[in-house]
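Features reported for this protein in TrEMBL:
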COMPBIAS  1-14  compositional bias 'Low complexity'
REGION    1-26  region 'Disordered'
DOMAIN    28-63  domain 'EF-hand'
DOMAIN    64-99  domain 'EF-hand'
DOMAIN    101-136  domain 'EF-hand'
DOMAIN    137-172  domain 'EF-hand'
């Protein structure tokens, strides 16, 4: 499992893409994950159980329910022991950090589209974006786009609606 990770300390993001376009861990990020693993393996067993994982995830900025913690363990726990060894932890954390990166990128995109900064994407915002990118949509087409994502019916797309909409696309597939 370790062989699937790259060691490149110069990457600012903590990742680099290999030729297969898969994100690979830098030496610095792997070291940080190892430090976290050792810190949260409070009994020094070389394994993290559900209680220890919950503490680790909170310390790393992820608020998770007990069900989510148990699901995370089940997804990587090959032997069914109910614990996670270091290699499993690296794999799991790499996935979680990738999710965070995707959310950050979508948030940045939302802010770019929301030109007036009111926290909502309006028909005016979409029309402006379409013109900037050389697309041409009628006002009715723009309103149909908004309606498809507008869950609360206010005629605009807020950040939560944008994230949900983008999750189903190639742009948001990483989270």
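Note: Cβ is positioned from N, Cα and C throughout, glycine not excepted.
Automated prediction, rather than curation, is the source of TrEMBL annotations.
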*DSSP helix, strand and coil counts for the domain 'EF-hand' (137-172)?*
20 helix, 2 strand, 14 coil
*Could you break down the residues of the domain 'EF-hand' (101-136) into DSSP helix, strand and coil, giving a count for each?*
23 helix, 2 strand, 11 coil
